[in-house]
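Per TrEMBL, the feature divalent metal cation 2 binding site maps to H64. If you look up TrEMBL, you'll see H65, D102, H220, E224 marked as divalent metal cation 1 binding site.
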Amino acid sequence: MKARELIDIIERHAPLAGQEDWDAGGVQVAGTRDDITRLAVTLDPDPRSLNAALSWGADFCLSHHPLTLTPRLPAVRDAYHEVLRLLLTSEAWLYAAHTSLDVVTSGPVSWLADDLKLSNVAPLMPRPADPKTGIGFVGDLPAPLAAPDFLARLKAAVGRDFCTLCGPDPETVRRVAVCPGSGSSLIATAREAGADIFVTGDVTYHKAAEASVLTVDVGHFRLEEEMMRRLTERLARDLAQADVAVKFFPGRDPMRACRPLGTAKG
């Protein structure tokens with residue numbers, strides 16, 4: 001399969017024209033390999049993930065996060081420099097599907113809605129040009145749950161041992177809003193959408209202090225990592241007859257729990 005043909009298939013799931021104005025998705029590094037036989041998918045285009053992908057023989061790498069949001073020279077031997085070195089010496093492509101993937105509510109961004117069996121799923125912040133797409137989503141549980149029961153179900157779905165909570169505790173949870181990645185700016189929007197609980201990541205102190213709905217910070221990584229895993233499954237189905245191998249390369253959550261301060265390892 002030609003690289004341009006593969007990009008067209010990726011953009012069926014994440015139309016580049018739909019990305020936010022500030023974003024820098026799309027082709028990050030144009031490879032010199034015309035014929036693509038191995039597609040690697042990962043969350044972050046970091047040296048660890050890309051080195052693993054290229055060692056597998058990938059000639060096209062698809063990430064969620066862009067390599068950089070602002071143009072810069074590789075003037076320092078840092079992670080950015082190493083990624084460029086890896087890609088240019090291997091002649092492989094790097095493409096980022098960032099907010100172009102985030103806004104497609106019917107796509108893998110809404111995997112948690114599927115796992116929680118939400119109904120009436122709609123964008124949390126619809127885009128004026130296309131109200132069926134937008135940032136985040138909101139939907140209804142099959143039946144109301146007590147907040148602790150919902151949190152237990154959420155923990156099982158995202159596979160994280162810890163999270164942080166802010167905002168008032170609801171008596172029951174019926175309506176759920178979710179924004180993968182960094183969504184603290186949408187706490188008030190979740191409340192306006194009638195959500196009893198809002199699931200997101202990267203909640204800041206002042207947004208937490210002002211939270212008008214129970215907000216669960218499960219971290220930036222978990223929701224988006226699973227989104228890319230499920231995108232991999234969709235692409236594998238699309239490419240099953242094209243003789244292109246597709247493989248997901250797991251990332252690494254930079255955030256981790258620690259023992260209480262002052263507790264020694266034993």
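The first residue you see is number 1, and the count goes up from there.
Cβ coordinates come from backbone N, Cα and C, glycine included.
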Winner by Cβ contact number (other Cβ atoms within 10 Å) across the binding-site residues H64, H65, H220: H64
For E224 (divalent metal cation 1 binding site), nearby residues of its own chain (Cβ under 8 Å, 6 or more apart in sequence): L43, H64, P180, G181
CB contacts for D102 (divalent metal cation 1 binding site) [other CB atoms within 10 A, all chains]: 26
H220 (divalent metal cation 1 binding site): secondary structure state under DSSP, collapsed to three categories: helix
Sorted by sequence, non-H65, D102, H220, E224 residues with Cβ within 8 Å of centre, divalent metal cation 1: L43, H64, H98, P180, G181, S182, L223, M227
